[in-house]
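Chemist: Below is the structure I would like to discuss, written out as structure tokens.
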């Protein structure tokens, strides 16, 4: 049966590297809590202005209506009644709330959650602005442990109301250092349903920009120790893969890798065959968990991507269907028996959702849809569809079967469109595939965007992971949140890329990938030109001197340290990875895996010269949690909250400016790098519940906390309730000077505030 519902242009097939309709991925083209051209807390009126009176970046007028969109989805019967349809469309026309979640280990996240409740929420419950009561932030009921929040407040309120402005200031700093992740609520669902455990081998096929990937890393390290598992995050677009690296730089993990490959043809990876009884033969790596958050039309993101109201056409989904199916099938073929795969889109289109899933299930019958109705019980959802229609041509002729599509009258000599295949349409056995087990998320249910999720499992019993888990369980290494440390560019490259919101990201500024020097080969082809990555021999003179000077214990697994150059010279730093990651690297050609990142920076170069120039390396902030258990007590210094305050107030405070016993301790220490242990306790109304380990430098007359300025500000705000750092002082002074000049300052914090050059950079 065929019916025409309107006219319009045909859709274009999108490449795998492009997520969404020309803006990156539809669900996450900028940041996962932003509205394209319009703040998440702003609305666009009839005059095309936001609620704060300013024009959006690129949208000058938005008519939140698209007849083709409404006719297409009404024909699909995606909701049960006209009343629900109206509720859904009205929700699509409302601004999307800002949502964020707390990251890191469960203990640290819960501590931060309690701090938010006690310090901020208690002051936001009774806020009145211009005669109206403003709703306080609320927790997402369905998110585990209440670690996700929603804020539905206009930007004018945040700017002008002191309590909300203070809260925003707190969120800005905590986001900068990685303790908080701004992320659209529906984007949080797939990683939760993936159910990752520390021993799992995980693949995120289309990972950028990385918020879902961050959730997976946190799950992998949930027990706070070094996991035997690994996460490989992939994105086919080279610049987006570096965006991914930047986003994940605040969650350093030795078990994390980033590749730059077309997901639909992801290569088979080789690892040692541990069951070969001494034989060194390899076997193909398969995965316990795979996330396929595929490129899509993004038509569930109308609330933040306002341009879709004008540009939407069903041909977009039709053109993406085949690519989505190819990616899903490749993922399914790499999954272990008993493994779990989550397929997701930010589209409501059944051609991109149920049609892709049903086709894959029929091609690979060993898979089935998992019933997750008891998972996330507070999450409101609708079941997947078993019937749908396909827009067959530019006139949007709707067909419910492939046969009806073929029977559409066509002018003599006109060929049938090759863009539509049988898999676009409902299969004959759709009723037996349990498509109702898919999740459809609509905006009116819990004030979110639109989303689709399907959880597939492969029949059979999971086999033992091919990489040897026993090698990865003994070092006690774990991932923690960290601040984005200002790192120098790689030795052989100075390329830079930008995120879609124009935030500059040094392409080389995050943790560096690794490769074995013996097996590395010249990189050729395309734009992929990563410098080689070389593991250091344990008797390397630079490595030996570094471990000796920093007093690293002999139990430290030094064979997993690497540098980024073919010569094996530690020119800028040394990096560390898990044994499973090293196995993958050393058994696969670099140009085939297109590995761009992995590992954690443990030691950073200290320039030669100055007093005691024999010290060549210092502890890197990113690696403190990893290396701490291997550091001799002689390389640690204990301090109290009063000493920490002094360190935050000045870049290079003089040793004589401290009080005893800290002054005596640091005065007796030799020049060099140490780990500063801030002891739990209370002082002048300030409470610290857990010990803080921070990188610390001692020179002849002064000391320095070797932490990024934004991390210092976040720590200061958390402990002392205000920013007491020099960076804040410089920002405040600059703001006053600009106001005196008549220049309006926008934003809570100017991240570009000047700071003195660190003594070792």
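Each residue, glycine too, has its Cβ placed from N, Cα and C.
A TrEMBL annotation is a machine prediction, not a hand-curated record.
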Chemist: Select one of 111, 145, 235, 371: the residue that TrEMBL places in the S-adenosyl-L-methionine site alongside 206, 207, 208, 209, 210, 211, 212, 262, 293.
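Modeler: Between 111, 145, 235, 371, TrEMBL records just one in the S-adenosyl-L-methionine site with 206, 207, 208, 209, 210, 211, 212, 262, 293, namely 235.
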Chemist: What range among 419-439, 440-460, 461-481, 482-502 does TrEMBL describe as region 'Disordered'?
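Modeler: Range annotated as region 'Disordered' by TrEMBL: 482-502.
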Chemist: Can you count the other CB atoms that lie within 10 A of the CB of residue 346 (active site, nucleophile)?
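Modeler: So the Cβ neighbour count for residue 346 (active site, nucleophile) comes to 31.
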